[in-house]
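Comments concern the structure below.
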Amino acid sequence: MVEASLKHKTKQALSTPNEDLSTYDLVLQVYSPADAKTGAALPEASIGIQYLLKTLDMNRFKIAVRPDSIVDSFLVFIKVEDAEFEQLVKKAQKVDSLYGVSQLDSFDKITPADRLRLVNAKLTSPKSEGGAEITVGEGKWSYVGSCVPVSSVKATSQGLDIFKKSAYKFFDASSLKQQTGFLLKNFGTKYTFYFKVVSEYSVFLVILSAVGLASQYFYGSLSKVFTALNLLIGASFYLCWYGSEKKWAKDWNMVNVGHVDVSRTDKKDPPYKVLLRKVLFAPIALGSSLNLVFYQFACFLIEIFLNEIYQGPGKMFLSLVPTILVCSIVPVCTFFYSTIISYYLKFENNPTKAAHSKSYLIKMFLYNFLSSYVPLLITSFVYLPGGYKVNSYLGKIDSFVADFSNRNAKLPHIPVLTKDYSVNSLRLKTQFTYFILTNQIVGVFMEFGLPFILRKLAAVPALGRLLGAPASAPVKDTDEEKELLAGLRHKLALPAYDVNDDYRQFILQFGFMIMFGPTWSSSVLISLAIELIQVKADFFKIMKLVRPPTADRAESSYPWPLFLKTLLIIGSFTSVAITLMYNGGDLGAYVDKSSVKTSLPAVFLAALISCLLMQAGLYFGESLIDEYYSDPGTETAKREKVICHILKNSQPSGKAASLNDVQSLITESLALTASTRKVVPAEKKGKKAE
């Protein structure tokens, strides 16, 4: 019965000549598994479809359905009628006004991004807030596979035109302004913030590249001058980002928007309980971190043994074992850790989607930091300073290896170094070069090159089945809808987009330069070249390579500025320490002494002072910016504007009718004055006569 009803709806939707699908807001891809023998929808699928359509109808969504090109799925188009949307806007205005948000002051200012955001909020927000509580791909709505804006086909086409015009214009203000306006109009401030920030970051890299090249030429590696300038420019970029976000939030009327986030669930816990649960995650984070560091340190020891102590055959191939182990263990540990976080966040029960996302990012940043920087930290503060001490253990290592070979008769004798061990003085620079050059190039290929190759392979039917591509079915669309439906089906098949992945890339790149940049001053030039490509590629990606996200708004890009600030403070310690320990870059490899040229207590004292000065400088800079963009000043300005408006409106407009005969009153007043003057002299004469 349900299946027949669905077929009736589909037939009705397809046969309505005046219905224009381009006027709809969102399209949902719904999976409806069918029985392999009969072709009829499975009972649970029928129930799910019925529940979905009734829920949408009860929440006053206009619905249309169309076939999908993927077997066992169809498309559900939804939109909010104008009268209902007007009510949504009025409700949003009332809520926004409680927090001083003025984004939706008038209907004339509502952009396509605002409309999509409000419609999506109605679709996904809890029932207690007037929403349908349809969470795409989650919980009982897992059969609703994905969702994209119907307007995304046209919008991304316009975006590609902008990309083609500005592909080779890297620092053009007019191109950036056009791109910003396009993103604000179609995707909202959440995604616009990223592209604005990375544009500023590119300018920062240009300045730092010039400083790095000059420093490398005049002072070489690990110079104190570059270290100081590197930290100064890094701090300037952070404060520029910190201030720019406040300015953009003000310009885009996003101030206090963070207080109006969409709720995740009806079951809200008191704030103190949520905070307590966040604190209780600390032991889990600590245990997981120690586990990851243990594996990284074990891989480091294996690498030192195979590369520098082992003297047998096959050394070139065995040296790849530690790299393979690291590349295998770190992703596995990260996967398990992220899975633990996902389960824990359900227990944490953050009240809003934004709070849920921020909590996840903060917890994951710890692992991002460790997996990226621990190898260089081990080399800088363990291997180079204390590696010479391995000489005293070479005899024990030789005895252990000999005993191990004797216990295993099938193993040949394993030759190892027995004396005069010295560290690899080029290890730090070589390792840093790998992370700043090779690793970034591989990352760009994995992000853009590999998906392109896989899509080409998936287009071949036989290879597509091997790669797990869903089976496709031929569809017949009307001429009016053919182009739009083909575009939407293509968009729905693309991978989801998460702007946080793009933030993570440039934040980690910044961390390498701030923490270890003095190792190779001119490496900033490599980061600049990669970042310029990345900025353009990211804009192209959101237009062409990923599923267009539903528009959303945000007051800032938090917590990413917090992560950058954290890396800046840590970098003020590590970069100063490394520079003082290996000043000049001429690292010696000694058998009987450390490669460190300066007293370690003095090094760490100077690094600690640098760290404290950085924190103080950032605090002072943030205070000035906060004072400049403080809410009281903003509220005062708003009040003054309203007062001027009230006073202006209180003035009579046009030529109003006079309440009095002014001309007669003037004549009468003048006559009274004249008569008074005549009376006074007469009285004086009378008095004299007497």
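Heads up, the Cβ atoms here are built off N, Cα and C, so glycines get one too.
For the domain 'Anoctamin alpha-beta plait' (25-144), DSSP puts the residue distribution at 55 helix, 23 strand, 42 coil. Positions annotated as domain 'Anoctamin alpha-beta plait' by TrEMBL: 25-144.
Marked as domain 'Anoctamin transmembrane' by TrEMBL: 185-609.
The transmembrane segment feature in TrEMBL is assigned to 201-219 (among others).
The transmembrane segment annotation in TrEMBL covers 226-244 (among others).
Annotation source TrEMBL lists transmembrane segment at 280-306 (among others).
The annotation transmembrane segment is assigned in TrEMBL to 318-345 (among others).
Per TrEMBL, the feature transmembrane segment maps to 365-384 (among others).
The transmembrane segment annotation in TrEMBL covers 432-454 (among others). The list of residues near the transmembrane segment (432-454) in space but at least 6 beyond its ends in sequence, with Cβ under 8 angstroms from a Cβ of it, reads 372, 375-376, 467, 495, 505, 509, 512-513, 516, 519-520, 523, 526-527, 530, 533-534, 537, 541, 545.
Residues 222-224, 227, 230-231, 234-235, 238, 241, 365, 369, 377, 380-381, 384-385, 428, 507, 510-511, 514-519, 595-598, 600, 602-604, 606-608, 610-611, 613-615, 618 of the same chain sit 6 or more residues outside the transmembrane segment (562-582) yet have a Cβ under 8 Å from a Cβ within it. Positions annotated as transmembrane segment by TrEMBL: 562-582 (among others).
The transmembrane segment annotation in TrEMBL covers 602-620 (among others). Tertiary neighbourhood of the transmembrane segment (602-620): same-chain residues 231, 235, 238-239, 565, 568-570, 572-574, 576-577, 580-581, 596, selected by CB-CB distance under 8 Å and a gap of 6+ residues from either end.
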I'd like to know if the transmembrane segment (226-244) touches the transmembrane segment (280-306) in this structure, counting it as a touch only when three or more C-beta pairs sit under 8 Å and are separated by 6 or more positions. no
Same-chain residues near the transmembrane segment (365-384), Cβ under 8 Å, at least 6 residues beyond its ends: 285, 288-289, 292-293, 296-297, 300, 304, 326, 330, 333-334, 337-338, 423, 425, 427-428, 431-432, 435, 504, 508, 511-512, 515-516, 559, 563, 566-567, 574, 577-578, 581-582, 587, 594-596
Can you give me the average pLDDT across the domain 'Anoctamin alpha-beta plait' (25-144), rounded to a whole number? 83
